[in-house]
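> First, the structure itself, so that you have it in front of you.
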Amino acid sequence: MNIGIDKIGFAAPSYVLDLADLALARQIDPNKFKIGLLQSEMAVAPITQDIVTLGAQAAAAILSEDDKAAIDMVIVGTESSIDQSKAAAVFIHQLLDIQPFARSIEIKEACYGATAGLSLAKSHIAQFPNSKVLVIASDIAKYGIASGGEPTQGAGAVAMLVSAEPRIMVLNNDNVCQTRDIMDFWRPNYDKYPRVDGKFSTEQYTDCLTTTFDYYVKQTGKSLADFAAMCLHIPFSKQGLKGLQAICQNDEKTLSRLTERFHEAIVYNQVVGNIYTGSIFLSLLSLLENSQTLKAGDSVLFYSYGSGAVCEIFSGTLVEGYHKQLVENRLDQLKERKRLSVAEYEAIFFEEIALDEAGNAIDLPADDCPFALQQVDQHKRIYRKN
Ligand code: COA
């Protein structure tokens, strides 16, 4: 039985910051962001948007009523959780009216969480072929004003419907993982923003990739010649490109072929920024919707990396007619986002929900996105469907 991605959807907040404006405000050469990091814009989430609203919006864009009746598991991968106990998936399950007899959970391991969710979904469908699993990667990346990671921030969610006989991509059974106990990026419970050893994290990203790929080659007998494209975790686009260069080593022909596809695979990431656990799947969406070269039967190699660190290399093969499940004008939709000034972005960055003594907040700003945080009632977050 073939199992894989049947549908894929995406949601970003409606605000965007141009990194040229940020560079000017921080007195940095704009080319450091544009050429040095290969990033041009970043999505900014207002206080009424969080991993629940973004995740629900990404999923609502792809689900039919039949899907909602068949889904019996909702998995949210995230590292920007809104609650230490209750899973974001439970809120999303309710907001989307998914049939009640379902399992809803949240998975955390930095930017790797949703990849673990995808593997869990695959195993579940192998056991229960008639069911469908909704896997959502939803995150808001905030490093801090004027921090090293600031130009790589972003926000958004990718939703994938996993089923038997999928219409986009069959997931192959060739997954290889590596776990390495390191402190390259982490966020203690008492911190608002992550602690990052930036340079170390970039080195670990690449070393985990090359060592895991060597093991993948030994385990599967496959090589880069088997793949038409590669999608990597994209904390910022230049990091992905460096990863690709590292595994291609001195094979210039393969590097040039895969680099062409890589540039198609970062079109959305470059204008959204880092969405942590969703960034590899945003890259997949970008590849599928922007490549004129890919065709059914082509295989894509994936490298998922979550600091801390866990990584996974796996692959998928495109199904006949996959392009019918995609959106043609997504970049135009992204161009409709409201461009913020740096002062507006900074104001949103520091905005916090002001709770009264009883844990209520009722005067939240208006938000006409499909899903929004409406109020907090005795410390309970209440969401609105618009
Ligand atoms: N024009 C063109 N390129 C420029 C430039 C300019 N004026 N100024 C700098 N650059 C280039 C640098 O040469 C460098 O490119 P290279 O790595 O290919 O040599 C790139 O821009 C970044 O410059 P650098 O000085 O390394 O940036 P930084 O010290 O501000 O921090 C990170 C970069 C990645 C460490 C920082 O963004 C960060 O901490 N990010 C968060 C952690 C992360 O995403 N980790 C990834 C693994 S998960």
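Placed from the backbone N, Cα and C atoms, the Cβ positions cover glycine too.
Automatic prediction, not curation, is the source of TrEMBL annotations.
Found this in TrEMBL, in case it helps:
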DOMAIN    2-164  domain 'Hydroxymethylglutaryl-coenzyme A synthase N-terminal'
BINDING   ASP29, TYR143, LYS242, ASN274  (3S)-3-hydroxy-3-methylglutaryl-CoA binding site
ACT_SITE  GLU79  active site, proton donor/acceptor
ACT_SITE  CYS111  active site, acyl-thioester intermediate
BINDING   GLY148  substrate binding site
DOMAIN    179-253  domain 'Hydroxymethylglutaryl-coenzyme A synthase C-terminal'
ACT_SITE  HIS233  active site, proton donor/acceptor
DOMAIN    259-348  domain 'Hydroxymethylglutaryl-coenzyme A synthase C-terminal'
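Help me picture these features in the structure, burial and contacts included.
Annotation note: LYS242 ((3S)-3-hydroxy-3-methylglutaryl-CoA binding site) sits in a helical segment as assigned by DSSP.
In the three-state DSSP scheme, GLU79 (active site, proton donor/acceptor) is classed as coil. Applying an 8 A CB threshold to same-chain residues 6+ apart, the list for GLU79 (active site, proton donor/acceptor) reads LYS108, GLU109, ALA110, CYS111, GLY113, ASP139, ARG187, TYR276, THR277, GLY306.
In three-state terms derived from DSSP, CYS111 (active site, acyl-thioester intermediate) belongs to an extended strand segment.
Look at GLY148 (substrate binding site): DSSP puts it in coil.
Counting only residues at least six positions away in the same chain, the Cβ atoms of CYS111, TYR112, TYR205, GLN239, GLY240, SER279, ILE280, TYR303, SER304, TYR305, GLY306 sit under 8 Å from the Cβ of HIS233 (active site, proton donor/acceptor).
Taking the domain 'Hydroxymethylglutaryl-coenzyme A synthase C-terminal' (259-348) as a whole, pLDDT averages 98 in the prediction.
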> Using the residues the record lists for (3S)-3-hydroxy-3-methylglutaryl-CoA (ASP29, TYR143, LYS242, ASN274), what whole-number Å value is the largest Cα to Cα distance?
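Farthest-apart Cα atoms in ASP29, TYR143, LYS242, ASN274 are separated by 22 Å.
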> Based on DSSP, tally up the residues of the domain 'Hydroxymethylglutaryl-coenzyme A synthase C-terminal' (259-348) by helix, strand and coil.
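With helix first, then strand, then coil, the domain 'Hydroxymethylglutaryl-coenzyme A synthase C-terminal' (259-348) has 42 helix, 19 strand, 29 coil.
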> Measuring CB to CB from ASN274 ((3S)-3-hydroxy-3-methylglutaryl-CoA binding site), give everything in the same chain under 8 Å that is also at least six residues away in sequence.
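Same-chain residues close to ASN274 ((3S)-3-hydroxy-3-methylglutaryl-CoA binding site) (Cβ under 8 Å, separated by 6 or more) are ALA141, THR152, GLN153, GLY154, ILE234, PRO235, PHE236.
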> Can you give me the Cα-Cα distance between ASP29 ((3S)-3-hydroxy-3-methylglutaryl-CoA binding site) and GLY148 (substrate binding site) in Å, rounded to a whole number?
14
> Please check the recorded positions ASP29, GLU79, GLY148, HIS233, LYS242 against ligand 1 and give me the ones with CB under 6 A, sequence order.
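The recorded positions passing the 6 Å Cβ test are ASP29, GLY148.
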